[in-house]
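Asker: Structure in structure tokens, see below.
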Amino acid sequence: MPDWLIALILGLIEGLTEFIPVSSTGHLLLLGHFLGFHSPGNTFQVLIQLGAILAITGVYFGRLWGLLTTLPTEPGSRRFVIGILLAFLPAVFVGVAAHDFIKTVLYETPALVCSTLIIGGFILLALDRMKLEPRYTDVAEYPLKTAFIIGLFQCLALVPGVSRSGATIAGALLLKCDKRSAAEFSFFLAMPTMAGAFAYDLYKNIDKLSTNDLGLIGIGFLAALVSGVFVVKTVLDFITRHGFAPFAYWRIAVGVVGLALLYIPR
């Protein structure tokens with residue numbers, strides 16, 4: 001299969017999975033492994049996230065603009081923005097400190113990705129079935145302490161296969177946030193987190209990228225942008241109707257199939 005087609009497929013997968021709790025990075029690493037696709041420093045999986053970043057920023061532009069323009073006058077807007085920044089900080093410190101270990105060890109261990117997909121699937125399924133009475137139904141109501149703790153949960157997603165959205169949503173549910181607002185907070189937190197990961201990874205690996213790499217990243221970026229817009233516009237209603245169980249079953253299935261492909265002789 002030509003590299004450009006693999007890049008297109010991986011870009012579509014990135015956009016389709018980035019904002020749902022199934023681990024986009026886990027899917028990209030497993031697909032790349034089985035398709036024989038490798039990028040210098042494992043940068044492709046991170047850099048095509050720019051498409052997903054633009055997708056969610058475009059869909060939520062009106063909401064973002066409203067927050068920014070009301071910052072001087074609305075205490076609720078200020079608290080929400082501060083909460084997002086507090087939730088973002090833990091991943092900055094842990095991500096920078098562990099960056100090389102994550103990229104050279106964890107990203108190169110497909111069995112770990114499969115295992116975390118399965119374990120995370122069972123955890124998500126358990127949380128979905130728990131009858132937790134929500135205390136918060138609007139992201140603007142989240143206390144700063146709640147936002148910061150959700151940010152600590154996000155650090156778990158530095159392990160590929162855990163899922164950034166899955167970790168933050170799980171943390172929010174345990175902190176008595178309802179499903180829809182938990183997913184929405186995860187969306188907003190994704191913007192600085194993914195933008196930061198993109199910028200730092202580009203800084204660390206810019207000298208390793210060739211013209212061909214940039215072309216493949218461009219294809220993946222565009223595919224992630226298009227598929228990401230579709231998911232962001234539809235996933236909140238899907239979660240409201242169906243909860244997180246479908247994503248949990250998908251994670252478990254992908255993890256089991258991945259382990260089978262890795263260890264069953266062919």
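Cβ from N, Cα, C; glycine included.
Since we're looking at a predicted model, the values are computed, not measured.
Just lifted these from Swiss-Prot, have a look:
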TRANSMEM  4-24  transmembrane segment
TRANSMEM  46-66  transmembrane segment
TRANSMEM  82-102  transmembrane segment
TRANSMEM  105-125  transmembrane segment
TRANSMEM  142-162  transmembrane segment
TRANSMEM  182-202  transmembrane segment
TRANSMEM  216-236  transmembrane segment
TRANSMEM  244-264  transmembrane segment
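I'd like these features described in context: how deep, what's nearby, how far apart.
Answerer: The list of residues near the transmembrane segment (46-66) in space but at least 6 beyond its ends in sequence, with Cβ under 8 angstroms from a Cβ of it, reads 10-11, 14-15, 18-19, 24, 77, 187-188, 190-191, 194-195, 197-198, 201-202, 217, 220-229, 231-233.
A Cβ distance under 8 Å defines the sequence-distant neighbours of the transmembrane segment (105-125), meaning residues of its chain 6+ beyond its ends; these are 21-23, 26, 29-30, 33, 42, 45, 158-163, 166, 170, 244-245, 247-252, 254-256, 258-259, 262-263.
Remote same-chain residues near the transmembrane segment (182-202) are listed as 18-19, 41, 43, 46-47, 49-50, 52-53, 56-57, 60, 84-85, 87-88, 91-92, 95-96, 99, 139, 142, 147, 150-151, 154, 164-165, 168-169, 172-173, 232, 235-236, 239 (criterion: CB distance under 8 Å, separation of at least six residues from the stretch ends).
Remote same-chain residues near the transmembrane segment (216-236) are listed as 3-4, 7-16, 18-20, 39, 43-44, 47-52, 54-56, 58-60, 180, 183-184, 187, 209 (criterion: CB distance under 8 Å, separation of at least six residues from the stretch ends).
Outside the transmembrane segment (244-264) by six or more residues, the chain places 20-23, 26-27, 30, 34, 110-111, 113-118, 120-122, 124-125, 127-129, 161, 163, 166, 169, 179 with a CB less than 8 A from a CB of the stretch.
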